Amino acid sequence: MLRSIRHASTQSSPFRVAIVGSGPAGFYTAHHLYKSGAPVAVDFYERLPAPYGLSRYGVAPDHPEVKNCEEYLDLIMDNQENSRFIGNVTVGEDIALDELKKQYHAVVLSYGSTATDNTLGIPGEDAEGIIPARQFVNWYNSHPDAANWQPPDLSKIRDVTIIGNGNVAMDVARVLIGSPSLHWDPTDIALATVKALEKSAIQTVSIVGRRGVLQSAFANKELRELLEMAALNQFSFQINSDELNAMAGKKLGRVEKRRLGLLEKYVGTAVDSSKVLSFEYNLAPKSFLTENGKVKGVEYNINKTDDSGKATPTGETTTEPADLVITSIGYKGSLIDNNLGIGFAKNHILNDKGRVLTQDSQPIPGLYCSGWIKTGPKGVIATTMLESFDTAELILEDFKDGKLAAPEVEPSPPSKAISWTQWGKLDEFEVSEGERLNKLRLKVDNTPGMLAIEDN
């Protein structure tokens, strides 16, 4: 459990901070501000009617321990006098960023960097059956943004290709091959996803990387979980033996040795099944093969990866069948409002260690950023925690040095705002419904439904 934080009351808190986003970056930043003992009052502005951001909607349903970070926000909100959750409010639409800035000493942009998806930019990419991992994750995690999304009919899909081999790709693969009733149903995964998985006809899941084994983007923990699940659910694991043989004689670090050991342990596992999980390396998508507007396969350029990790095309190509392609190649961030001239490049806000800059690298006093919108979409929650603490330190330093202008007006959240107490009603409902169905939680997956419970 977290230690209790001593809060000052609003009346004795001259230092007002607005944090845009209530995910890990936002609540870690706030936690560090409060822990400093400074007389701070924090308002969290969240576009959804529910808090926690990527923790609630990005973490895999079978990783509830990762969501323990949500305790940081829960602890902060235990004291309502100087902490407010202002949900269902989109900064840049319901309230302009420059108006928000007039109401606080400091505004911290912590809203993440998952607005859209990276694309491959190759022929056939707009074919039916090619979807971004973000959309698939939103679907199985009951994100309101996926409420009207029509998922692929898994009963008609045999071959799945996942392009990219990071941790998100591992999560997606586990969802596809895990037992719907035994593994997924007890979690907080969407009921619609469980029903779709129960009808699945998937026989092969291929995870494709453009470089070699040592350049795999997944963590060993996620690799082990996937390989164990594959064996448990009668998927044989395959990997090109040349890839493993190429590791012989190389000087490997501890993490790399562990990775290689896991791959060698599970490769070629004798399973009485036609179902296959395969890892494909040194393949760069060249084009998608389509028929009547639907994806039927992928054509790849074959690469060769040198010892420095650089991949070079060999001039050869190969093709593989695919009824469903899930691209897991990263996200794109965006500006929610640019009436302050905020600089933006390479999927993140231009900043100096957390102080927001203009496009010509001039600081914007009182404006800060933390999390993926600060660094770009990379790293795990623990990484976000540390760099959010760094941003909080800068805010405290600037406040102490008198660099932050006093607010011009009192904060005035829009009337549509959802409070922490109202969120509590939805939280209680979801947990109760989950208990009724022997699940951890049953998330309400659409904004109108969430608001109906919160406004009751």
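Cβ coordinates come from backbone N, Cα and C, glycine included.
In TrEMBL this protein carries:
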DOMAIN    15-229  domain 'FAD/NAD(P)-binding'
BINDING   Ala25, Glu46, Leu54, Val91, Trp372, Gly379, Val380, Ile381  FAD binding site
BINDING   Asn165, Gly166, Asn167, Val168, Arg210, Arg211, Glu222, Gly379  NADP(+) binding site
> Between Val91 (FAD binding site) and Val168 (NADP(+) binding site), how far is it from one CA atom to the other, in Å?
Replying inline: 28
> Counting Cβ atoms within 10 Å across all protein chains shown, which of the binding-site residues Ala25, Leu54, Asn165, Gly166, Ile381 comes out on top?
Replying inline: Ala25
> Taking the Cβ of Glu46 (FAD binding site) as the centre, how many other Cβ atoms fall within a 10 Å radius?
Replying inline: 26
>> Quick check for the class: what is the C-alpha distance, in angstrom and rounded, between Glu46 (FAD binding site) and Arg210 (NADP(+) binding site)?
In response: 37
> Where the record says Ala25, Glu46, Leu54, Val91, Trp372, Gly379, Val380, Ile381 bind FAD, what is the longest distance in Å from one Cα to another among those residues?
Replying inline: 25
>> Please give the maximum pairwise Cα distance, in Å and rounded to a whole number, for the NADP(+)-binding set Asn165, Gly166, Asn167, Val168, Arg210, Arg211, Glu222, Gly379.
In response: 20
>> By the count of other Cβ atoms within 10 Å, pick out the sparsest of the binding-site residues Val91, Val168, Val380.
In response: Val380
>> Need the DSSP three-state call for Ala25 (FAD binding site) to compare against my parser.
In response: helix
